[in-house]
Amino acid sequence: MKRYIEICKPLWTLLPEGTIHEDERLCKHTYTQMGGAADLFITPQSYEETQTVLKFAHEHRVPVTLLGNGSNVIVKDGGIRGITLSLKKLNTITCTGVELVAQTGATIIEASRRARDAELTGLEFACGIPGTVGGAFYMNAGAYGGQIADVLESVLVLTEQGEFKTLSKEEFDFDYRKSVFSAKRYIALEGTFRLQKGDMAQIQAKMDELTIARETKQPLEYPSCGSVFKRPPGMFAGKLIQDSGLQGTRIGGAEVSKKHAGFIVNVDNATATEYMSLVRHVQQTVKDKFGVELETEVITIGEDIEEPVSD
């Protein structure tokens with residue numbers, strides 16, 4: 001842990017005061033309220049500062065982990081080595097004509113609201129997705145029949161080497177909860193959405209309808225990372241879990257939601273180890289009962305806690 005902190009000491013002179021935080025507890029930055037500490041938690045306020053971090057990390061071989069809103073991520077209890085990069089201070093959103101340009105630290109919910117205010121339709125599906133714009137690119141986020149792939153036109157990125165590059169929609173390689181951003185180590189900075197002119201009242205009515213559906217069906221009263229598993233072809237993960245009799249099953253403070261079986265919630269100070277143990281238990285139970293292998297939608301990052309070596 002201390003090795004990377006020492007290697008990165010020169011970064012303190014390259015970035016504004018307050019940008020770098022040592023041993024930052026990541027449970028403060030995830031929806032599940034779990035996870036160990038980051039060696040270095042860096043929050044750049046400009047594209048140039050982000051570029052400085054990436055170039056330094058590449059030159060000194062320091063690993064970089066991007067953390068968005070922490071809504072679809074499990075950070076392991078041992079934390080994250082090297083640099084954890086948060087772009088939440090890059091959160092500007094502008095609308096011109098039928099285009100909406102959003103920096104990737106903005107929330108996709110706020111992007112949806114800004115589109116509504118500009119009487120632009122196409123982002124209503126995102127009105128309840130609790131992630132950043134960048135996280136939405138990474139996962140090709142979607143809900144209620146809509147997805148990012150339908151409306152994203154271009155994205156400005158930084159490569160792993162710290163070079164700026166603009167990707168067009170033909171390069172996104174979107175699939176179900178996959179994209180070029182997850183396949184390659186691009187750091188997305190801003191995206192341009194091409195939307196359509198609409199009626200504000202109709203847009204708001206659609207957003208209200210989706211919000212009610214979400215609040216009715218999802219266990220929003222507990223910390224969680226949303227839907228844990230991808231939808232198997234022709235099936236629903238939640239239905240398979242429910243039919244396996246797993247609702248209410250607990251390991252430590254983690255529980256399969258009684259309200260929606262596709263969610264695993266933190267009901268009592270769960271650790272990431274407990275959470276992932278329950279995920280594996282659900283996967284094995286569903287496989288044994290139905291022969292279906294559930295694939296996780298949630299992303300797991302970081303390291304496990306090292307067990308002490310006994311004499």
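Using the three backbone atoms N, Cα and C, a Cβ is placed for every residue, glycine included.
The active site annotation in Swiss-Prot covers ARG177 (among others).
According to Swiss-Prot, the active site, proton donor annotation covers SER227, on the basis of sequence analysis. Secondary structure at SER227 (active site, proton donor), taken from DSSP and collapsed to helix, strand or coil, is strand. The Cβ of SER227 (active site, proton donor) lies under 8 Å from the Cβ of ALA237, GLY238, GLY262, PHE263, GLU297, each of which sits 6+ residues away along the same chain.
In the three-state DSSP scheme, GLU297 (active site) is classed as coil. Under the heading active site, Swiss-Prot lists GLU297 (among others), citing sequence analysis as support.
When pLDDT values are averaged over the domain 'FAD-binding PCMH-type' (34-198), the model yields 93. The annotation domain 'FAD-binding PCMH-type' is assigned in Swiss-Prot to 34-198 on the grounds of sequence analysis.
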